[in-house]
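TrEMBL has this to say about the protein:
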- 13-410: domain 'Major facilitator superfamily (MFS) profile' (DOMAIN)
- 16-38: transmembrane segment (TRANSMEM)
- 44-68: transmembrane segment (TRANSMEM)
- 80-97: transmembrane segment (TRANSMEM)
- 103-126: transmembrane segment (TRANSMEM)
- 166-186: transmembrane segment (TRANSMEM)
- 223-246: transmembrane segment (TRANSMEM)
- 258-277: transmembrane segment (TRANSMEM)
- 289-308: transmembrane segment (TRANSMEM)
- 314-338: transmembrane segment (TRANSMEM)
- 358-380: transmembrane segment (TRANSMEM)
- 386-405: transmembrane segment (TRANSMEM)
Amino acid sequence: MSIFTSYFKLTAEYRWMLIAAFVFNLGFYMLIPFLAGYLKQDLLLSATLVGVVLGVRSFCQQGLFLVGGLLADLFGEKKLIVIGCLLRSVGFCLFLFSDITALLFLAAFLTGFAGALFTPAAQAYFSKQNVLSRAQMFSLVGVARNGGELLGPVCGVLLLSISFDILCIISALPFALFALVFTVLIPEHQQKEKSGSDAKSSATAQGGGVKAMVAGVLSNRAFLKFSAVMAGYFMLINQISFAIPMHIVEQQGTAKEVAWVLTLCALISIFLQFPVTKLCERWLSPTKWISIGIALMGLSFVTLIPHWPYEQGVLYYLPLSLLAVVFTVGTMVSFPFIMSQISELAKDKSVATHYGFFYLFAGVGLIAGSSVVGVAFDLSNISEHLAWYCLILIGLITALLNWALSTSSTQVDESQSTSPSTH
């Protein structure tokens, strides 16, 4: 079954959701990669102020994912997606007034908070379709998002050549339009009706509200262990846009090399993500593929350790190309199964809240990864390749921990089970 066949096999609301995943990243990557340059070069803001503004945006997204997940489980995923779309549209438009410091910070806050609202809600919504496997569904989500991430900067460059104001307005449009689309065309998932003791326990849980949902997640030890281990995945995932550009700059490279790596990663994901996921589902368990993928992500940095004699020409790009290929294969193998595993571990209870908690661990991993690599680059006088050794080690340790975790979980399940599980 091809990617297009799978797409059209989905019900209409999920087809719209996939289109939204594409246009959301399209709008985001139209504007955000160029925001710092505009604030610094055109408005002549200090580097410190620019850094704080971007930090506010990131923190309001990563730090408030749990809030978004809780609200989605309380009020429904659809409402949170619509509100998030509207807030991001307003936030992007407020960047028109970036010369007013208060409005600049408000724009950064709304842009980040919007992502915190609709991301866990959208992930939970995707996990509830029953046409494809969850891994295949999330592989389609990855393809859509990578397509937007690839085309967004191209559109951004073209619009920025006209004016920053036009860029802000156009990048806000997809979110405003899809707020309307979701309101009209996307149904809210209904809770399955319960009877007897189930209905009573459900009413009690609803009475507890947020406290009950948080307690439910905190009592899910398997989920918490998995989320903690996956912080290692997020320590690695951001290095294509952090460690690699830093390395290229240190090697007297240019933005052309950075663009090459990012473009190659996106193209591989767009064309191969879905078939790779389907292939992986034929062998081994999802948790084993997560370990294999993360190990590949870490080992991809081996390509930067040997000295490469070519300083120009096609062969100059070979180490970076090898890294991009191996790293992207690792993410393709692991990402869909990580996302589906969260829903599996949630067992259809407070799914959005589980995604919100998971993204808290992700935020810790992103910060820790950037910090470790930054320190390693500063200590390059001790070892030229210290950053790569650290990333290789992070990948291998995370892979081994997840493998051990999945093995122990399987053994516990088998010892407690008296009959084959059904899906």
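Backbone N, Cα and C atoms are what each Cβ position is placed from, and that goes for glycine too.
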Among the ranges 44-68, 289-308, 314-338, 358-380, the one whose Cβ pairs under 8 Å to the transmembrane segment (386-405) are most numerous: 289-308
Listed stretch, out of 16-38, 223-246, 258-277, 314-338, 358-380, that has the most CB pairs under 8 angstroms to the transmembrane segment (166-186): 16-38
Recorded stretches the transmembrane segment (80-97) and the transmembrane segment (16-38) touching, at least 3 CB pairs under 8 Å: yes
Among 16-38, 314-338, 358-380, stretch most in contact with the transmembrane segment (44-68) (C-beta, under 8 angstroms): 358-380
Non-local residues, at least 6 beyond the ends, that sit with Cβ under 8 Å of the transmembrane segment (103-126): 14, 17, 20-21, 39, 53-54, 56-65, 67-69, 71-73, 77-78, 80-81, 83-88, 90-92, 94-95, 97, 137-138, 141, 175, 189, 339, 342-343, 351-353, 355-356, 359
Stretch with greatest number of CB pairs under 8 Å, the transmembrane segment (223-246) reference, 16-38, 258-277, 314-338, 358-380 candidates: 358-380
